[in-house]
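Chemist: Pasting a structure below so you can have a look.
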Amino acid sequence: MSLYFNADTMRIERSSVHEPKRNRNVFLDVKPIADDANVNVPPRQAARRNATVFNNRVGFPPLTPKEAFVDAVPADQTCMVFESSKPIYLVLRAIGVLPYTRLPSGGTAFVLASPSMTYCVLFFLLLTVYIAFILLNRIEIVRTLEGRFEESVIAYLFIVNILPILIIPLMWYESRKVVSVVNGWVDFETVYRETTGRALELRLRTKAQVIAILLPILCSLSVAITHVTMVDFKLLQVIPYCVLDTITYMMGGYWYMACETLSITAKILAEDFQRALRHVGPAAKVSEYRSLWLRLSKLARDTGFSTCYTFTFICLYLFFIITLSIYGLMSQISDGFGVKDIGLAVTAFCSVGLLFYICDEAHYASFNVRTNFQKKLLMVELSWMNTDAQTEINMFLRATEMNPSSINLGGFFDVNRTLFKSLLATMVTYLVVLLQFQISIPDEPSAMLMHSNSSHS
């Protein structure tokens, strides 16, 4: 028999070392049942069920006397993650990328026969028709170009900039997985609230609002700068390019918010776990945090898998844009920079920044979910804990080793800083080859002079 102080109930409770071990298996695919789901159950039947299966939750004990007097949590507080990123979701739906539907129960769903899907399809068809006319015009401009390739990089770049329209159908294909991740966060918040007694507070709403407002403005500004520096500037051609750039960078904003949510949640969970270890009695408390961490680790993996094809395409597209833009800039070094090179510089800078943030935020989220949590576990003092608690701590450490928390794009590659370094190294290799190929080709005036000299001789 051992005594310990429970900070939640403010009482000294006792636990027996020789008590029979209850089943603490963690089922990550089981949806937790809210406390108010069993209002009509008779008291005797509810008490019998609580005594046997812990109120049918995922390894959690029944309510404490303190929690019995807590009011039910409002529905809008059970999906704080969605509410924090809601401005970005609204912008993505407005530009036809993410046709999600909010259910009356508070969940999120992807329904083909829904008003949001109909709007996204109509928006995509109108944008496709608009871009088709612009593409024909751009192809005609490329055909009439004369001179070397490096002198017409911007014209080719405008054709490549049409490719982000493929993001829309790719996201439609993956919207069901994205919605599943959003609902997974709702389940995580439910389990977190039942474990800690309070709601998950992220405080990311302001960041999401800033991203949703500033990114479309900055994208439109960069596209306008690029078009103004062109000789054949046409105002009507700026609008679809602004939409396409907004789609690309708003997907970057979505990725940033997803990774930032993982990072902040991992930090909060680590602090709560460290605070709970100060008064650990039964080993069930450690088991509860282990189940929470396993859910968070699964959410980190699902974040990458849910948009694997979309962000694989975005990374390859950004790599191609960066290579083409920097090649156009470096090829003009001998002739000096002009006004038209401003657009190339802006495009290269923005693309490098977006690619860096995609890789860096995923790296930071993976570090906080796994490595930072392992440090907290390794710093735990086990000498004063009972045997069951020590066993649960060791099982927790083993779980962090066996469950990878890296954000992986469908098995293609891990998104981290190593990916950014590899892409830059490959880009430098391509640039060196292209510049050597350019140097080996003589200019037209020198070629004509050599031809005239040979004819005179």
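In case you wondered, yes, glycine gets a Cβ from its N, Cα and C as well.
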Chemist: Please verify against Swiss-Prot: do V91 and V415 share a side of the membrane?
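Modeler: According to Swiss-Prot, V415 sits on the same side as V91.
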Chemist: Taking pairs 6 or more apart in sequence, does the count of Cβ pairs under 8 Å between the transmembrane segment (116-136) and the transmembrane segment (422-442) hit 3 or more?
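Modeler: They do not touch: fewer than three Cβ pairs between the two stretches lie under 8 Å.
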Chemist: Over the topological domain 'Extracellular' (231-237), work out the mean pLDDT and round it to an integer.
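Modeler: Here the mean pLDDT over the topological domain 'Extracellular' (231-237) amounts to 72.
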Chemist: Relative to the transmembrane segment (153-173), which of 210-230, 238-258, 310-330, 342-362 accounts for the most Cβ pairs at distances under 8 Å?
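Modeler: Comparing 210-230, 238-258, 310-330, 342-362 against the transmembrane segment (153-173), the winner is 310-330.
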Chemist: Which sequence-distant residues neighbour the transmembrane segment (342-362)? Criterion: at least 6 residues beyond either end, Cβ under 8 Å.
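Modeler: Long-range Cβ neighbours of the transmembrane segment (342-362): 153-154, 157, 222, 225-227, 229-230, 248-249, 252, 255-256, 259-260, 263, 304, 311, 314-315, 318-319, 321-322, 325-326, 328-329, 407, 415-417, 419-420, 423.
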